[in-house]
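According to Swiss-Prot:
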REGION    1-327  region 'Terpene cyclase'
BINDING   94, 98, 181, 182, 183, 184, 226, 230, 231, 232, 233, 234, 319, 320  substrate binding site
REPEAT    381-386  repeat '1'
REPEAT    387-392  repeat '2'
REPEAT    393-398  repeat '3'
MOTIF     486-490  motif 'DDXXD 2'
BINDING   486, 490  Mg(2+) 4 binding site
BINDING   495, 574, 575, 610, 617, 627, 637  dimethylallyl diphosphate binding site
């Protein structure tokens, strides 16, 4: 997985109690968004429903980690606010159900389930139900506006989760309890919320295995860990209500085996560790599961943070631990809203002077409605059709658009505040602006070919997982940078069926972001700690630029068409360069005693990939949807198909074709009629047949090279499967 929105926490800085060994802890870079959304939901609850449930202290928030930020660290930034808002809503619902009597709890579930199914009619609902219904309807409206397809899936799974009978207290034994608990821990809800948060599409044929089998250990481990962490809270409620049974694994083992609390906890945590170890094994194998879609594999990988994130949030959350408290800034934000810059400075100073300490009572007091946050107005905690408006400048359905602040208090601030003028210790600039174009193109659907190639080559090279991920991230950063630059240089308007980056952010910002991506790629390579890897990166990157220069030169000087040999040299540098860089870097970091020479294999693959792309551009209906009808003709690209047509067509047709390609300069593109004329000349010269024959020849050569390598280093099923996907 390419991590774009989160950073990893140094494992030496926290104690995971052996409950997530082999799984890192990551935190979303925009964790403040979750805090804002959580406080907004709690304000909306007070306004529309009434006082918060007595057990609702903390919710998403924690003194060290916020729940969504660590369980969904790769949530898209433009969806983090609504996802966090939903998560807090679910926490409050759980609190209501936990403290309600059986009949009332079932009624609450029915209210929510009906609201999700039909959309609550708030004019007929009363009291508490009406308020919850209003918030729920706003949530449904918001997620549907952002992503209607995944929103429908979210609602379906959320309803499925609520269908679980929440009043069940009696189980045959611990195993019977676990079958119930895996669903009761909101696995259906969290599965769907995760796919929505990361904009993943899981094919129907993958769902049973991915949702039910592969990730089952995740929900088992999370449920058991939660049972231990929440024991004190649940036991207090149990004793307060004079109950005779409770839904908790610790209690189940105590009853079944007549053991004490501490022994039951010890056994529960032991079982949790077993489930974690099982899932770590799944993670080690998932990259080779090319029978699953890329999104399915990404989903499975992302679910590891449901284990580590849930654990580390749960260790310190005030929700479970009454001796824990939120930090002072969270206290202030809950009590006073989100002040502007000057108010933050004053408030922080006041808090430091008073030594304010967080108490449970602070959270149950009324909180002022949040009116402004960094210059953005809010309503029901959410503003903007597709996500965040004004928070760190993020706004938009498919990317990030920076909004200028309109707070009049800033006018003349520099001239009024001499201390600020002379202050050389200002906070650094946010990278949100420069990363926005790259984040946008990274969010578009991708086949993940380069990741698949890396996973396949690792069968032979056995690159350690950490270093393999760093190499893959560097390659993906370079690939996305090249796509942004290519689209600017070619004047493309579509990329993967969406507007190209420069048509959203403008050429200047796009070029700047692409350069930043290249620097980030270099930083990833530097982390490998190898001078050889830096040399490989530099050498292959230079080839990429040289190859692109020839392609651009031929387009600009369209009378100077290249030879077939020149074309192949360009492809080897431009397209083959990334594949070659990938193979060389992986070879340099291989832990195998001997490594294959992959030069010919990846070189042939690079040629095949480029020629296939050119061929599909002229013949594939899918490419027409993703990039436009025969877009290469608009760009004036000299593909092998066009070069053959110019040399094989009768002179009058060849001259006509050349004039069409030159004439595209007038409007920057060809009309549909002109493209059809060009296609008729290309087809008349049998250039498409020629291209198909070249592809077939290359494919056979790749297979021969693969078989030769397999004879020395073993069978490589993932590479064969990848080839079958690319075969024309």
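Along the chain as shown, residues are numbered 1 onward.
Keep in mind that glycine also has a Cβ here, set from the backbone N, Cα and C atoms.
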Look up residue 617 (dimethylallyl diphosphate binding site) in the DSSP assignment and reduce it to helix, strand or coil.
helix
Helix, strand or coil by DSSP: which one applies to residue 181 (substrate binding site)?
helix
Between the binding-site residues 226, 319, 490, which lies closest to residue 574 (dimethylallyl diphosphate binding site), Cα to Cα?
490
Taking DSSP states H, G and I as helix and E and B as strand, how many residues of the motif 'DDXXD 2' (486-490) are helix, strand and coil?
5 helix, 0 strand, 0 coil
Can you count the other CB atoms that lie within 10 A of the CB of residue 181 (substrate binding site)?
24
Spatially, which candidate from the binding-site residues 486, 495, 575, 617 is nearest to residue 226 (substrate binding site), comparing Cα atoms?
495
Argmin Cα dist to residue 637 (dimethylallyl diphosphate binding site) over the binding-site residues 94, 231, 233, 319, 490 returns 490
Rounded Cα distance, in Å, between residue 490 (Mg(2+) 4 binding site) and residue 181 (substrate binding site) is 55
Neighbouring CB atoms within 10 angstroms of the CB of residue 610 (dimethylallyl diphosphate binding site), all protein chains considered, total 20
Near the Cβ of residue 575 (dimethylallyl diphosphate binding site), how many other Cβ atoms are there if near means within 10 Å?
22
I need the nearest neighbour of residue 486 (Mg(2+) 4 binding site) among the binding-site residues 495, 610, 617, using C-alpha distances.
495
Distance, residue 181 (substrate binding site) to residue 617 (dimethylallyl diphosphate binding site) (CA atoms, angstrom):
51
